[in-house]
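Visitor: TrEMBL lists HIS213 with the feature active site, proton acceptor. Look at TrEMBL and you will find GLY44, ALA45, ALA46, GLY47, GLY48, ILE49, GLY50, ASP70, ASN130, ILE153, SER154, ASN155, MET264 tagged as NAD(+) binding site. For ARG117, ARG123, ASN155, ARG189, the entry in TrEMBL reads substrate binding site. Taken from TrEMBL, the feature domain 'Lactate/malate dehydrogenase N-terminal' applies to 39-181. Per TrEMBL, the feature domain 'Lactate/malate dehydrogenase C-terminal' maps to 183-346.
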Amino acid sequence: MQRIARLSAHLNPTNPQMEESAILERVNCRAKGGAPGFKVAILGAAGGIGQPLAMLMKMNPLVSVLHLYDVVNSPGVTADISHMDTGAVVRGFLGQQQLEAALTGMDVVVIPAGVPRKPGMTRDDLFNINAGIVKTLCEGISKCCPNAIVNLISNPVNSTVPIAAEVFKKAGIYDPKRLLGVTMLDVVRANTFVAEVLGLDPREVDVPVVGGHAGVTILPLLSQVKPPCSFTPEETEYLTKRIQDGGTEVVQAKAGAGSATLSMAYAAVKFADACLRGLRGDAGVVECAFVASQVTELPFFATKVRLGRTGAEEVYQLGPLNEYERAGLENAKRELAISIQKGVSFMKK
Ligand SMILES: NC(=O)C1=CN([C@@H]2O[C@H](COP(=O)(O)OP(=O)(O)OC[C@H]3O[C@@H](n4cnc5c(N)ncnc54)[C@H](O)[C@@H]3O)[C@@H](O)[C@H]2O)C=CC1
Ligand SMILES: O=C([O-])CC(=O)C(=O)O
């Protein structure tokens, strides 16, 4: 009887003691061990990306524990997701005072916290708000799970990844292999749009997208599409532009109600799953990500990386580029250099 009473306390959605209620649940449940797997935290779990991302992560058989952290509404999202009859144990955490509990012991931390764009804004316009959010969350990671693999989604990714790197350096825990800016949505879009033009199933298409995650810094390498194919100059122009402007296409269609959330949650889970398979020791896990890099003269750059037990274990070279892509690369590098420097300077202030 007492067990039921204590479990009911946990089920009260207005209960702000999320962490405590999760402990009550564990104490009172018969099965305490949980399935083998990885511990994943989502920071910003109650947001437009965070909610579907939490749902999809709860469906991932590689996840044994899922921590959902936000500064608002995480109790409701946690109660909802926790009823799904999949293996992962879900715990909710609300507000800054529960950040450390949310992060302690995590293997992977996915960060979609921060404000999204409205029509007319660039991703860089989000810098002033999101830079501080990312800084605070990465300070928490430095303290509570310094060995975690970090998947950073918050925009502008071209600047937030350098900010995270500086936070980790300051804390003395920086390992470039473990910090990954998520550019997977660019690849997902590129696969979709290229498949449309070629009349193929998008699941059969693989388009490397390199550079960064904003406008001209998003550089699809259409000369390296698999299966091998060729495009007319008009198709190349159309596809490159559509992939670069994919985010803006969604922002405009949503007309003030935010940016891509559902396709982003899909892309984030696809990428996090690749990181988890790498952590498990699977061979040949390769995806594009924005990482510390020596591929160009810039300190960060998105290319294909091989994901392993310690994160991005190998950063691949660009491969042969055609003239159109070489010109695109120069444009991308010019803009990227400014965005990276902006992130670094924010932390030096
Ligand atoms: N890397 C990529 O490809 C993409 C990145 N994004 C970016 O992802 C971010 C989130 O987008 P949405 O989910 O649509 O926004 P949203 O506003 O719907 O959700 C953001 C969530 O973050 C939470 N949050 C704010 N400050 C926080 C803090 N200090 N700690 C924890 N949580 C905090 C909010 O309470 C909210 O629940 C934006 O910066 C957006 O630009 C969006 C799409 C694609
Ligand atoms: O466009 C935005 O602001 C959100 C984003 O990064 C994307 O959808 O690629």
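Using N, Cα and C of the backbone, Cβ positions are placed for all residues, glycine too.
Just so you know, TrEMBL annotations never went through curation; they're auto-generated.
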Visitor: Just report the maximum Cα pair distance in Å for the recorded NAD(+) binders GLY44, ALA45, ALA46, GLY47, GLY48, ILE49, GLY50, ASP70, ASN130, ILE153, SER154, ASN155, MET264, no decimals.
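Guide: Overall maximum Cα spacing for these binding residues reaches 18 Å.
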Visitor: For ligand 1, which among the binding-site residues GLY44, GLY48, ASN130, SER154, ARG189 have a CB under 6 Å from it?
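Guide: What lies within reach of ligand 1, judged by Cβ under 6 Å, is GLY44, GLY48, ASN130, SER154.
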Visitor: How do the residues of the domain 'Lactate/malate dehydrogenase N-terminal' (39-181) split into helix, strand and coil according to DSSP?
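Guide: Split into helix, strand and coil, the domain 'Lactate/malate dehydrogenase N-terminal' (39-181) gives 66 helix, 30 strand, 47 coil.
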Visitor: Do you know offhand how many angstrom separate ARG189 (substrate binding site) and GLY50 (NAD(+) binding site) by C-alpha?
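Guide: For ARG189 (substrate binding site) versus GLY50 (NAD(+) binding site), the Cα atoms are 20 Å apart.
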Visitor: If you measure MET264 (NAD(+) binding site) to ARG117 (substrate binding site) at Cα, how many Å is it?
Guide: 14
Visitor: Measuring Cα to Cα, tell me the gap between ARG123 (substrate binding site) and GLY50 (NAD(+) binding site) in whole angstrom.
Guide: 18
Visitor: Taking only the Cα atoms, work out how far GLY48 (NAD(+) binding site) lies from ARG117 (substrate binding site), in Å, as a whole number.
Guide: 12
Visitor: Could you work out which of the binding-site residues (GLY44, GLY48) has its C-beta surrounded by the smallest number of other C-beta atoms within 10 A?
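Guide: Looking at the binding-site residues GLY44, GLY48, the Cβ with the fewest others within 10 Å is that of GLY48.
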Visitor: Just to be sure I understand the packing, how many Cβ atoms besides its own are within 10 Å of the Cβ of HIS213 (active site, proton acceptor)?
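Guide: Within a 10 Å radius of the Cβ of HIS213 (active site, proton acceptor) lie 27 other Cβ atoms.
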Visitor: For the binding-site residues GLY44, GLY48, ARG117, ARG123, ASN130, ARG189, which sit with their CB under 6 angstroms from an atom of ligand 2?
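Guide: By the Cβ criterion, which requires under 6 Å to ligand 2, the hits are ARG117, ARG123.
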Visitor: Find the one among the recorded positions ARG117, ASN155, HIS213 whose C-alpha lies closest to that of GLY44 (NAD(+) binding site).
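Guide: That would be ASN155, the closest of ARG117, ASN155, HIS213 to GLY44 (NAD(+) binding site).
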